[in-house]
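Listed in TrEMBL:
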{"type": "COMPBIAS", "residues": "68-78", "note": "compositional bias 'Low complexity'"}
{"type": "COMPBIAS", "residues": "79-101", "note": "compositional bias 'Basic and acidic residues'"}
{"type": "COMPBIAS", "residues": "110-120", "note": "compositional bias 'Basic residues'"}
{"type": "REGION", "residues": "1-45", "note": "region 'Disordered'"}
{"type": "REGION", "residues": "66-120", "note": "region 'Disordered'"}
Amino acid sequence: MSDHTKSARAKAEAEFQKVQSEARDRDRIRDRRHSETQARDDNTARLKALRLAADGAEKREAVVKQNAAEARSHAASAADKEMAGIEATADQKVERRKALTDEPALVAKARTKRPRQRSG
């Protein structure tokens, strides 16, 4: 082969290697961007799931508190009715009312109570 042909071949080979190197660099950049996008999307989905779970827990706790308040009110009314005809000291009535409106028992009852459906 002549020197001119060898030189042209070497030049073409160098150009080919340059194009291949640029293509590999573009592929690496694209893959890195894809990985970063996927990681961001996964994190966003995880945070959304946590936020929705927290919102659901807050709503459930609000229902439990409302149910407990209703149960306390009903228990207090029932205790007052029960003690209306009883001859007892004020302290005895207070103790009896406390026993009938026991907070832990009411909260346990409220947690098992289904929320009422509101009409309208």
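The backbone N, Cα and C atoms fix where each Cβ goes, glycine too.
For the compositional bias 'Low complexity' (68-78), DSSP puts the residue distribution at 11 helix, 0 strand, 0 coil. The residues of the region 'Disordered' (1-45), classed with DSSP into helix (H, G, I), strand (E, B) and coil, number 43 helix, 0 strand, 2 coil.
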